[in-house]
Amino acid sequence: MKPPILTIIMLTVISGTMIVMTTSHWLMVWIGFEMNLLAIIPILMKKYNPRAMEAATKYFLTQATASMLLMMGIIINLLHSGQWTVSKDLNPMASIMMTTALAVKLGLAPFHFWVPEVTQGISLSSGLILLTWQKIAPLSILYQISPTINPNLLLAMAIMSVMIGGWGGLNQTQLRKIMAYSSIAHMGWMTAIMMYSPTMMILNLTIYIIMTLTTFMLLMYNSTTTTLSLSQTWNKTPLITSLILLLMMSLGGLPPLSGFIPKWMIIQKLTKNEMIMMPTLLAMTALLNLYFYMRLTYTTALTMFPSNNCMKMKWRFKCTKKMIFLPPLIVMSTMLLPLTPMLSVLD
């Protein structure tokens, strides 16, 4: 894709999300979502092939259905209240429809089926945008309507998402699918805390975006999309191999890494709200995610690739990709734990 065209499309995607985040009018929210959707399609099909086309079609159909549901909720709310303001309390029926629409847009279970399929069909750079930037707009609306959301609906979707995000990734060898299931699980954690502390959800989203961004940039740097090709990186870039190990641990939520902060604070907040089963379930299903991250670290950093001696060295081409943000991102996605006391004041 030519740079001027890519710039215009990216600006449309960004402005669509910004409109959703800043407006207080329901119609503008819907228009922002539509702008974002129509501009992201060419980005998904940047490397044109049948898989990318199929993925973009699946994405378009699911997001268009979600937009239709959202509009239906907005109209029901309008008929009941006679106004378009986002901050006004919603009608219960409209609230359920809007929550469902935003869950489809986010890929929360049981509306998660499109996420792994779409992520697998597109390039790594498009997958990065899909799993980070595209989550901001729906979560910002959920944040604004969180006081009027049906808590049972949201918590049921949260538990299902964390469980499916764990179970689904267990049998995968494709890194993009693993990242997609990881995304579903993280979205589950965010929606679990939404009812009790929306600010905590924003903290979780920020740390999730930093970690996912770093992971995708490392995969793009190595040009790896499968566990098999990742297992050969110890020979070519040993430092990056050890960084992937750290990053996977952080994504799994192990202390003393950054990924532990949101899990710790969410479990603490839920326990303070006298919920015992919910954080227990979340913590237990997080172990499933940890298992497939550990499997990745095992194949990458802890084993030597089984091949003939003459094949041990992978031919070293000089990497021409400029990844200037990688060092600060790696630091942020592994070493933020000392900031926890400051972050806990936000709530």
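From the backbone N, Cα and C atoms, a Cβ is placed for every residue, glycine too.
Where the annotation comes from TrEMBL, it is an automatic prediction and has not been curated.
Here TrEMBL flags 24-286 as domain 'NADH:quinone oxidoreductase/Mrp antiporter transmembrane'.
The domain 'NADH dehydrogenase subunit 2 C-terminal' feature in TrEMBL is assigned to 290-343.
The feature transmembrane segment is assigned by TrEMBL to 5-21 (among others).
Only residues 6 or more beyond the boundaries of the transmembrane segment (27-45), in the same chain, are considered here, and those with a CB under 8 A from a CB of the stretch are 1, 5-6, 9-10, 12-13, 15-21, 52-53, 55-56, 59-60, 63-64, 67, 70-71, 74, 84, 86, 105, 118, 122, 126, 129-130, 134, 137, 141. Annotation source TrEMBL lists transmembrane segment at 27-45 (among others).
TrEMBL lists 57-80 (among others) with the feature transmembrane segment. The list of residues near the transmembrane segment (57-80) in space but at least 6 beyond its ends in sequence, with Cβ under 8 angstroms from a Cβ of it, reads 26-27, 29-30, 33-34, 37, 40-41, 44, 90-91, 93-98, 100-102, 104-105, 111, 114, 117-118, 121, 130.
Counting same-chain residues at least six beyond the ends of the transmembrane segment (92-115), those with a Cβ under 8 angstroms from any Cβ of the stretch are 33, 58-59, 62-63, 65-70, 72-74, 76-77, 80, 135, 137-139, 141-142, 145, 148-150, 153-154, 157-158, 160-161, 163-165, 168, 180-181, 183-184, 187-188, 191. Among the features that TrEMBL reports, transmembrane segment is placed at 92-115 (among others).
Annotation comment: TrEMBL describes 127-146 (among others) as transmembrane segment.
Within the chain carrying the transmembrane segment (152-171), a Cβ under 8 angstroms from the stretch's Cβ atoms is held by residues 96, 99-100, 103, 108-110, 112, 116, 177-178, 181-189, 191-192, 194-195, 278, 281-282, 285-289, 291-292, all 6 or more beyond its ends. Positions annotated as transmembrane segment by TrEMBL: 152-171 (among others).
Look at TrEMBL and you will find 202-221 (among others) tagged as transmembrane segment. Long-range neighbours of the transmembrane segment (202-221) within the same chain, counting only residues 6 or more positions beyond its ends whose Cβ lies under 8 Å from a Cβ of the stretch, are 124-125, 127-128, 131-132, 135-136, 139, 143, 175, 179, 182-183, 186, 189-190, 193, 230, 237, 240, 243-244, 247-248, 250-251, 258-259, 261-262, 265-266, 319, 321, 323, 325-326, 329-330, 332-333, 336, 343, 346.
The transmembrane segment annotation in TrEMBL covers 242-261 (among others).
Sequence-distant neighbours of the transmembrane segment (281-305) (same chain, 6+ residues past either end, Cβ-Cβ under 8 Å): 159, 162-163, 165-167, 169-170, 172, 175, 178, 181-182, 185, 188-189, 192, 227, 230-235, 241-242, 244-245, 248-249, 251-254, 263, 266-267, 270, 312. Sequence annotations record features per position, and here TrEMBL assigns transmembrane segment to 281-305 (among others).
Long-range Cβ contacts of the transmembrane segment (325-346) within its own chain (Cβ-Cβ under 8 Å, at least 6 residues beyond either end) map to 199-200, 203, 207, 210-211, 213-214, 217-218, 221, 243, 246-247, 250, 255-261, 264-265. The transmembrane segment feature in TrEMBL is assigned to 325-346 (among others).
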Taking a Cβ cut-off under 8 Å, which residues six or more beyond the ends of the transmembrane segment (242-261) line up next to it in the same chain? 182, 203, 207, 210-211, 214-215, 218, 230, 233, 286, 289-290, 293-294, 296-297, 300-302, 330, 332-337, 339-340, 343
Apart from its near flanks, which chain residues at least 6 from the ends of the transmembrane segment (127-146) lie with a Cβ under 8 angstroms of it? 13-14, 16-17, 20-21, 29, 32-33, 36, 40, 43-44, 59, 86-87, 90, 95, 98-99, 102, 105-106, 118-119, 176, 179-180, 183, 187, 190-191, 194-195, 198, 201-202, 205, 209, 212-213, 216-217, 220
Please average pLDDT over the domain 'NADH dehydrogenase subunit 2 C-terminal' (290-343) for the predicted structure. 81
